[in-house]
């Protein structure tokens, strides 16, 4: 009897936290309700599959009048609930709460509820789908409030492939009804899902039913609906044979290219390369090239900028037989105009991709036509334009050769190395090791070495930091012998600089170069400089000495550590500055443990 009583008590104790969570679902404090919703799977596991189906889910369905944050968490949780209700054969129990969530006013809650309904639909058998989910979809379609009708649009593509022919016909009619809905938000939702629905509809119904809906959407009075029809255009074009594309899709697409709303034209520009792949080479040559020219010359800067970002990809996808001729006669004249565009965002968008044209048009065309454009952009008044060109310089090295690059672009690059905008200087620094490796030691020593030293003394810390890493990468490229002859002495002389920041830069360079220079240079050249800096009047320099010595110690043998490193650290460990003592102590412990 006593054993039985203790067993009941243990069961009560184990269920107590669950009871607390269930109580929190009803609590006035939103945070407590939210925490409980996020632990819903724990509650369901404790209740068991049957009680979850018969008690928890009905309770949740009744309580869907809460803060949006709680409802969003609930919609997300229910999508993962199928194992907790007993598996796919009981998935229909999740539909009522999700259906309610799919009708609420807040968009993100509805979208998450539809996502979860789609997940649940995927677990239904074909029979259960017709019995349980299709009626739900039809209730949403006929809902009085627009929210339910917008949610319905997202469920067609998951239901349609697995239902009978009669139900399919109903679903196509339902979708047509939504495409013609009086509320723009519903038409917008239908337009957004048209392409997805087209992929699951049989080809004959695509031609007879969905093309008509697509054409209507593309002529809608609301530009927010028309621009979504452009997205559907890509999906439909991929599904139709070429002659059908020309007949059914291209008239509508031409109309979108000339649409009065810049947002629609912007969407065409955004989707242009996807359309190009969908419609094929012949239609691209006959129609899309002229459409692309039109978009590159659009009156709205946003449209031109979007089209500009597609220049290289569009050109690379052209038919190789006529690629060069189309680029040189149709695309390049537009690109030349964009280089001098009055809008900085257009020029910046072009600068981020224009270098990619070099491999496509070849060496001679690059030198004759593209290099002058690159030079103009390297000297543009907007730093982002200059930055984007610098960041993609490596695209043309393989095409025109480093000699031509250095003759044509190097003067402009040197000028940018002293640009007033520090981000431009930073981009040049990051490109320098690559440039150094391609130009060779002699050219680097003559033209670029002094620039690298200037950056070490820059007034912006990010530049000085990048310059030290730059030195390390260049030493990796040219070797330690070159480093000792050409740069190390000039770096070490910085310890005499009156500005303590430059003395610290000297230490940072030693830190960076230690990885690539080896024990001999560290012991012979670096340690004497560090010893001098250990008596620096500025505490920041002294504690960086301690950190540097800890960094260098793995490269030194025990004798060098005992002779050079430990005496400096012991002296710093008695420093008057608390930070210096701390870092000296840390370094001594770190070296001893190594």
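Every residue gets a Cβ built from N, Cα and C, even glycine.
Pulled from TrEMBL, these are the features on record:
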type	residues	note
DOMAIN	92-277	domain 'Phosphatase 2A Regulatory Subunit A helical'
REPEAT	17-55	repeat 'HEAT'
REPEAT	171-209	repeat 'HEAT'
REPEAT	210-246	repeat 'HEAT'
REPEAT	249-287	repeat 'HEAT'
REPEAT	331-369	repeat 'HEAT'
REPEAT	370-408	repeat 'HEAT'
REPEAT	409-447	repeat 'HEAT'
REPEAT	526-564	repeat 'HEAT'
REPEAT	565-594	repeat 'HEAT'
**Asked** What is the number of residues in the repeat 'HEAT' (370-408) that are helix, strand and coil, as DSSP sees it?
**Response** 32 helix, 0 strand, 7 coil
**Message:** I need to check the long-range neighbours of the repeat 'HEAT' (249-287): which residues 6 or more away from its ends have a CB within less than 8 Å of a CB in the stretch?
**Reply:** 214-215, 218-219, 223-224, 226-231, 233-234, 236-238, 240, 242, 294-295, 298-300, 302-303, 306-307, 310, 313-314, 317-319, 322, 326
**Message:** Based on DSSP, tally up the residues of the repeat 'HEAT' (171-209) by helix, strand and coil.
**Reply:** 31 helix, 0 strand, 8 coil
**Same-chain residues near the repeat 'HEAT' (210-246), Cβ under 8 Å, at least 6 residues beyond its ends** = 175-176, 179-180, 184, 187-188, 190-192, 194-199, 201, 203, 252-253, 255-256, 259, 261, 263-264, 266-268, 271, 274-275, 278-280, 282-283
**Request:** Determine which residues of the chain contact the repeat 'HEAT' (409-447) at the Cβ level, with the cut-off under 8 Å and only residues 6 or more beyond its ends counted.
**Result:** 371, 374-375, 378-379, 383, 386-387, 390-391, 393-394, 397, 402, 454-455, 458, 460, 462-463, 466-467, 470, 473-474, 476-478, 482, 486
**Request:** Using DSSP, tally how many residues of the repeat 'HEAT' (331-369) sit in helix, strand and coil.
**Result:** 32 helix, 0 strand, 7 coil
